[in-house]
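A short write-up of the structure that comes next.
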Amino acid sequence: MLYGLKFGKERSASWLVSMIVSFFQSILVIQPLKVIFLAIFFALVIKKVDEEDFIFKNLGDCKEPLTVRRDNSLYLPPAAADIEKMKRYKIMEQKAFALLKEILTYMGFMWMLLLVAYGEKDPNAFFLKRHIRDSFSQGTKDSMSPGDVFTWANTLLLKNLFGVYPGFITDGNSKLVGNARLRQLRVQKNSCQIAGYMQQFVPDCHAPYSWDLEDMGSYDPGWNHLVKENVSRSTFSPWTYQTETQLRAHPFWGKMVLYRGGGFVAEISPDSQNASRTLEYLFRNTWLDAYTRAIFVEFTVYNANVNLFCIVTLLLETTAVGAFQFYSELQSVRLYQSTGGLHIFVLAAEIIYLLFILYYMFLQAKLMKQQRCAYFRSMWNVLELSIILLSWSTLAIYINRTLLGNRDITYYQNHKDQFANFYETASADSLLQYMIAFLVLLSTFKLWHLLRLNAKINMLTAALQRAWSDVSGLLLVIVVMFVAYSISSNVIYGWKVSSYKTLTDALLTLISLQIGIFNYNEVLDNTPLLGGILFGSCILFMTFVVLNLLLSVILVAFHQEQIYHKPSDEEEIVDLMLKKICSLFGIPYENTNETPGPDLNKADESTINNSKKILNNSSIDVNVF
């Protein structure tokens, strides 16, 4: 303190930093180097070998090592059992280091893969999509008439599509990219046949939507009459059909059917008053009539706060019953990569991941060259090959997504007063996310192969292999029973209960039944007796008989494996690897599983007796400690 008052603040701080740096430099650098160099000096220079050669032998598990003094002229080679033991130990040591290298390499591979997977996702995407979906569907009826559709479009749609700030939707944070678009799909007139007795009461019939019956003509306003095909279509109107190529669109899966990407299109200008006049013109001229089967509202927004594009598709579809059902699909995609440090980190992870893939490709090519056709008989080899192929496919889709995104951005910048279609880019991004998800799934599943080093996991794997022949037959029975009950429930309840309206929905409902997720009231309220018999028998046969039988087969196989299980060499390799690691850190390690076999004990005893006999015949002093 006194010197600090004398030196002043700057000199005192410099002196303190110098002392701290010197202290830690001495502890972490200088002193360890001193110890290492002194150890090398004493080992190579100071230490001298005694003239008399001493041999210290520790034969196997013998607690009394032999110290043998012999003449320089006599040479005794080690016993054959000791040589084999040393060879085996050296091979196990090499395998242990190879195994440790495999584990550490795969941990790095998984780390890079997870960084790439989560670097492509943004948690803000979920909140952005939920906010936009709630804004355009709030208060929307489950079933709407054509008049309700006009009311919804003129009120809720326009209110949320044009907010307080020009060019932004109602939240004020999401910029409208290009114009919004209305697209209608229609069917032809007299597209179905009327029952003979009802023709005098119903003069016209409108079939449900299908690609064969879709109307692709060109009309005057109000659908008055069909325009001839040779008329030029250079100027498109809401009454002229446009193809998928002209609209740069693709087919769309709705709740009911698959819709074609073309249709009769009307763009909504970015001004609310002009948009309102456009809707008035369309509905005043009955743009929506009895032949309309689907109405698409399509637009794209960009939120700069979270750097995300959101491609919005609002669908109103009907099955020719006269009522429209509302459905929305939103897809978020990041087309502008972040310029912060996180982007550099993710980009480095992607490059390192590709280097890992090249490394694994080299290993698999080498293994395939050695094993040839036998390579494809191993499940783990096929899994490794699938991961490599899926990785390169994901890279190709990533490049395609980037090119499509640049194309759509360029189109928007050159045609800002038109509809900008980002649907193809969003589809490529969704496919990319699915590929990455399956890649993570398969790569994580490969951890099971590394867990084979654990004795219990190895036993469990062997038990499943032992039970596979019986389990495969039971799985086939389970699939047949699921399909049978799904078809029955779909036929009985598909026309009145939404959970069984399709065969897929019925199958998913019955799978949920096995894990306790089931709405009993919707079945028992309709047909109590029939529903009780159907689903009671399903629970009885599926849950209490077949699934319990499946578990019993697996348990029996596991019990047999416990009796006849043969430990693999890899368990000894793991013990050796753990022993090396513990000795490196100075941790005592006790191998409780090591039980020396009778052959090794006999070899050790014979080696000791032969050594004593040779030494006695050579008149050499033997000191047994």
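Cβ atoms are placed via backbone N, Cα and C, with glycine included.
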Selected from CYS205, CYS310: TrEMBL disulphide partner of CYS192: CYS205
Leading contact stretch, 149-168, 382-399, 431-451 vs the transmembrane segment (306-328) - CB distance under 8 Å: 149-168
Neighbouring C-beta atoms (10 Å sphere around the C-beta of CYS192 (disulfide bond)): 13
Listed stretch, out of 96-118, 431-451, 471-493, that has the most CB pairs under 8 angstroms to the transmembrane segment (340-362): 96-118
Contacting positions for the transmembrane segment (471-493) when only residues 6+ beyond its ends and CB under 8 Å are counted: 464, 499-503, 505-507, 509-511, 523, 526-527, 530, 534-535, 538, 541-542, 546-547, 549-550, 553-554
Tertiary contacts of the transmembrane segment (382-399) (same chain, 6+ residues out, Cβ under 8 Å): 353-354, 357, 360-361, 364, 376, 428, 431-432, 435-436, 438-439, 442-443, 445-446, 449
Folded-back contacts onto the transmembrane segment (533-558), same chain, C-beta under 8 angstroms, at least six residues removed: 459-460, 463-464, 466-467, 470-471, 474-475, 477-478, 481-482, 485, 488-489, 492, 510, 513-514, 518, 520, 523
